[in-house]
Amino acid sequence: MRISWWVAFQIGGYEPCTVTDFEVCKRHGLEQTIADTLGPGGIMRALRTIPHLWRICEDMTEVCPKATMLNYVNPMAMNTWAMYARYPHIKQVGLCHSVQGTAEELARDLNIDLTSLRYRCAGINHMAFYLELERKTADGTYVNLYPELLAAYDAGQAPKPQYSRQ
């Protein structure tokens, strides 16, 4: 029987912690990318997060030592490294939302319902490639969406912005 635990959390939340990470870097003239998984802000986030992941590893060691942790917690590289360094017997996979999130973005770009989308994806995290992208039709068959998607990009109709930065 396969057993998996998945974890997803952010210690301290976006406000105040992540915002503070950005502000402290800016105040001291340090470069901090908007991604909170790198640079000084990522290090601060790792220092807040790793002790909690270690507690989860301790629980897994006791309760489910054969389980695999599906880790969605950033900063991914530092977290998976720290867990492996201290708990090498814990099986873990570091993941992100890119497969699911990109599917949502593509559905939005094409103005179709996400539930009608079918895809086959290779890769994980920020290296996910959609090998097939299809929409279910009324008769239950599937149609390739790549020609429609490429036409929308060529016409400047996609990608559709998800966020307003105003």
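Backbone N, Cα and C define each Cβ position, glycine as well.
According to TrEMBL:
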SITE      D36  site 'Increases basicity of active site Tyr'
BINDING   N74  substrate binding site
BINDING   C96, H126  Mn(2+) binding site
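Distribution of TrEMBL features across the structure.
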residue : record                 : Cβ within 10 Å
N74     : substrate binding site : 22
C96     : Mn(2+) binding site    : 18
H126    : Mn(2+) binding site    : 11
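A distance of 13 Å separates the Cα atom of N74 (substrate binding site) from that of H126 (Mn(2+) binding site).
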